[in-house]
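Asker: Structure in structure tokens, see below.
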Amino acid sequence: MSDSIQRAVDVLKAGGLVGMPTETVYGLAADANNVSAINKIFSSKGRPSGHPLIVHIAQAEVSVANDRQASAIAWREILSQWSRDVSPEALILAHAFWPGPLTMILPKAKHVLSEVTGGQETVGIRCPQHPIAQQLLKAFGGGLAAPSANRFGRISPTTAEHVREEFPGDEVLVLDGGPCDVGIESTIVDLTRLDSHGAVVLRPGAITQAMIEQALGRSDVTDGASVNIGSAPRVSGSLSAHYAPKTKLVLYDAKDAESLFSKVNNSDNKKVAWVHFPKDLADKNFGLKNVAKEVLLPLESKALARELYAMLRQLDALNMDCIFFEQLPDGVEWDAIRDRLGRASVGSGV
């Protein structure tokens, strides 16, 4: 075990907080069975106490790779520590996507702290893929509750430096795992109402609805944003305003750019950022004045996901009057990023 991992374990066992790298974003980790430590997460982030946390767990040890039966046995044993009802569907998804960017909502076990679940009878569980996260989880020997390591509602961190910027004192020990490979938060799928609603995606991410359907071999996986699913569990990232820069963020359609920017030129915006996809007329700014920063977006969705939060942080630090961000193309591969940008826009400029 490395010295940094040992130190992080010591901090966690003492009820402290650790900035933990994952493949999605950096998490603010604490012992999921320590009420005092969990409360530190809420106070440090300024997070409402009724907003549930996700429990991160170590990878199951399976002696034979791709052995579904052995995998099911191993994952059932682990998940039963946190859930009172581990469905076959949960085991299938664990085998297919863990470790990885998928959070499953399951009925909570009796001992799971209400502070972790936001007072609900459900718990979110994820097995992260990042090697440092796995080293930490295995060395700690228990579950870690870990929301994103940033002030509540603001831009998620994807580097260790982002975490240090959010928590500049010594209240958080930060493990540096480099930039996050995925770059946006995990997909959240609700498995607590399979009989009535099927599996319901409550937050889009790198694991798509189609991927979940294929793994489960069933076509009743639904999008929680597009269907009436009743009283779905509250989950992280579900508020309309989230992931937000302090600078006003405006999403625009390219076909409306010229008329929009004409109005902007007659407003009080003295310094703006223009973020758009490269085009044949990329050097034409549709008459937009006062462009202090221009950013060309990558054409591939995974590349943008990796860069999104770092990009927004960099632009926010420039103290612009406004960030104009071109809307994303159609296609399910853009859905998760579209979700984050929409929420960021609602919460921006505050």
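Cβ coordinates come from backbone N, Cα and C, glycine included.
Since the structure is predicted, the reported quantities are computational estimates derived from the model, not experimental observations.
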Asker: Where TrEMBL shows HIS56, THR122, ARG126, ALA146, SER186 binding L-threonine, which of THR24, THR159, THR208 is named for the same site?
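Answerer: As annotated by TrEMBL, HIS56, THR122, ARG126, ALA146, SER186 share the L-threonine site with THR24, chosen from THR24, THR159, THR208.
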Asker: Looking at the binding-site residues THR24, SER148, SER186, ARG203, TYR243, which one has the fewest other Cβ atoms within 10 Å of its own Cβ?
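Answerer: Result for the binding-site residues THR24, SER148, SER186, ARG203, TYR243: minimum number of other Cβ atoms within 10 Å at ARG203.
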Asker: Measure from the Cα of HIS56 (L-threonine binding site) to the Cα of every one of the binding-site residues SER148, SER156, ARG203, TYR243, then give the nearest.
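Answerer: So, of the listed binding-site residues, the one sitting closest to HIS56 (L-threonine binding site) is SER148.
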Asker: Where THR122 (L-threonine binding site) and SER156 (ATP binding site) are concerned, what is their Cα separation in Å, rounded?
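Answerer: So the Cα of SER156 (ATP binding site) lies 24 Å away from that of THR122 (L-threonine binding site).
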Asker: When you tally the Cβ atoms that lie within 10 Å of each candidate's Cβ, which of the binding-site residues (THR122, SER156) has the highest tally?
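Answerer: It comes out as SER156.
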Asker: In sequence order, what residues of the same chain, 6+ apart, have a Cβ less than 8 Å from the Cβ of ALA146 (L-threonine binding site)?
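Answerer: Residues satisfying the criterion: MET20, THR22, GLY27, LEU28, ALA29, ALA30, LEU53, ILE54, HIS56.
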